[in-house]
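Inspection log for the structure reproduced underneath, given as structure tokens.
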Amino acid sequence: MGGAVVDEGPTGIKAPDGGWGWAVLFGCFIITGFSYAFPKAVSVFFKELMHEFGIGYSDTAWISSILLAMLYGTGPLCSMCVNRFGCRPVMLVGGLFASLGMVAASFCRSIIQIYLTTGVITGLGLALNFQPSLIMLNRYFNKRRPMANGLAAAGSPVFLCALSPLGQLLQDHYGWRGGFLILGGLLLNCCVCAALMRPLVAPQASGGAEPHGPQRPSPRLLDLSVFRDRGFLIYAVAASIMVLGLFVPPVFVVSYAKDMGVPDTKAAFLLTILGFIDIFARPTAGFITGLKKVRPYSVYLFSFAMFFNGFTDLTGSTASDYGGLVVFCIFFGISYGMVGALQFEVLMAIVGTQKFSSAIGLVLLLEAVAVLIGPPSGGKLLDATKVYKYVFILAGAEVLTSSLVLLLGNFFCIGKRKRPEVTKPEEVASEEEKLHKPPVDVRVDSREVEHFLKAEPEKNGEVVHTPETSV
């Protein structure tokens with residue numbers, strides 16, 4: 001589903017559901033891939049960073065957490081920038097920031113400097129690309145929006161399949177510094193995607209005249225009215241709890257395998273398996289959600305996806321060998337893909353198109369706090385116990401709790417709300433028949449009108465002059 005991005009085009013623009021929208025979808029696919037896969041892909045460098053700086057699991061986990069926190073927490077800033085400058089310029093600047101952060105990180109001499117470069121600068125750059133790309137996608141698609149969101153969300157697993165082995169390969173050949181430098185160059189592709197975000201323009205009236213219509217009020221940079229929506233509040237609370245555990249398994253599964261004695265390349269392949277399954281899960285979930293009979297119940301489908309994900313984490317905690325982790329990654333990829341494809345589609349279904357830009361930024365801001373807590377808390381638990389099982393149990397419990405909050409909240413607070421009395425279908429049909437019935441032809445006799453006009457004044461003793469007698 002921050003500060004309200006009110007970067008809306010002129011009134012009367014209909015979403016094309018195709019055309020240049022496919023180019024926008026491709027750009028959103030790339031941006032989503034970098035935004036979500038990058039925080040997980042950098043985890044392949046964690047072991048070498050621990051040896052380089054003499055730090056623990058929780059210290060390296062902060063890199064992914066800060067990246068995700070910037071991606072989520074800068075929602076209001078992205079909103080105001082887009083409202084002021086538009087989607088395309090903001091994304092161009094964001095692409096430069098994302099690249100600059102990784103290039104600068106390759107020269108860092110302490111973990112704090114990596115937090116500032118990879119975490120803050122690159123994270124800000126990805127945020128300035130991610131939110132505007134989603135806004136543009138939802139402007140170009142309406143009827144096909146669930147499918148478009150599912151296809152765009154598939155960018156995350158596709159890039160995860162590519163970036164994780166690539167990161168391991170770069171680390172083996174060039175070390176973590178050379179790997180960061182090359183990844184910084186790859187992030188410049190965000191600028192290419194920004195160029196695809198062509199704004200929608202209202203069609204001109206015949207003769208080149210500007211279309212006449214009501215003037216829109218000046219947009220607000222921060223629209224907090226969405227907090228009066230009960231459905232939005234339930235979604236925001238559930239999503240914040242979900243994020244506490246959602247990103248923990250992908251961050252730790254590679255280290256989990258290495259701790260079992262699995263070779264580094266084979267361990268990194270787990271993320272490729274997860275991503276490969278995720279590639280098919282997201283478009284499939286988007287297609288199913290777009291079905292007429294399913295779309296009204298998308299909130300409950302999203303709740304099921306969260307429950308499935310949390311249950312997978314709990315069962316994954318029992319894995320004792322590489323085969324068990326492979327099975328875990330397969331089912332985690334399915335559930336994770338469902339969550340990724342549905343989260344923003346459900347948010348739009350709850351708040352509507354007009355308030356989506358406000359709602360998404362505010363939700364991302366709320367989730368930022370949870371992102372800062374999730375992976376580091378898992379790292380702290382791992383440092384204290386040295387047992388990966390407890391990390392996966394904690395993550396699963398958090399995601400399961402979020403699914404119950406969303407399900408029960410919508411069922412009891414939304415679905416059970418007292419609805420106004422509905423008129424019977426027969427009465428509705430009768431009323432419509434009366435409304436569409438042609439009026440009775442009432443004829444007026446001019447002589448009766450003349451007689452009435454003469455009679456009224458005579459009652460008061462007045463003299464009446466008709467047009468004929470006045471000549």
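Start at 1 and count along the chain as shown; that gives each residue its number.
Glycine too: its Cβ is placed from the backbone N, Cα and C atoms.
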Could you confirm whether, in Swiss-Prot, the topological domain containing Val387 has the same name as the one containing Gln131, so that both are on the same side of the membrane?
no
Can you identify, from 410-428, 429-447, the stretch that Swiss-Prot calls region 'Basolateral sorting signal'?
429-447
Residues from the same chain, set at least six apart from the ends of the transmembrane segment (299-319), whose C-beta lies under 8 A from its own:
231, 235, 238, 242, 245-246, 248-249, 256, 285, 288-289, 325, 327-328, 331-332, 334-336, 338-339, 342-343, 346, 349-350, 388-393, 395-404, 406-407, 410
Out of 85-105, 110-130, 150-170, 180-200, 232-252, which stretch has the largest tally of CB pairs under 8 angstroms to the transmembrane segment (356-376)?
232-252
On the DSSP side of things, how many residues of the topological domain 'Extracellular' (39-61) fall into helix, strand and coil, could you say?
20 helix, 0 strand, 3 coil
Across the topological domain 'Extracellular' (171-179), average pLDDT on the 0 to 100 scale:
91
Same chain only, please: residues at least 6 beyond the ends of the topological domain 'Cytoplasmic' (131-149) with a C-beta under 8 Å from a C-beta of the stretch. Say none if there are none.
2, 5, 7, 9, 13-21, 24-25, 27-28, 31-32, 75, 78-79, 82, 87-88, 90-91, 94, 193, 197, 200, 283, 286-287, 289-290, 295, 298, 341, 344-345, 348, 353, 356-357, 360-361, 364
Assess whether the transmembrane segment (180-200) lies in contact with the transmembrane segment (268-288), where contact requires at least three Cβ pairs under 8 Å among residues 6 or more apart in sequence.
no
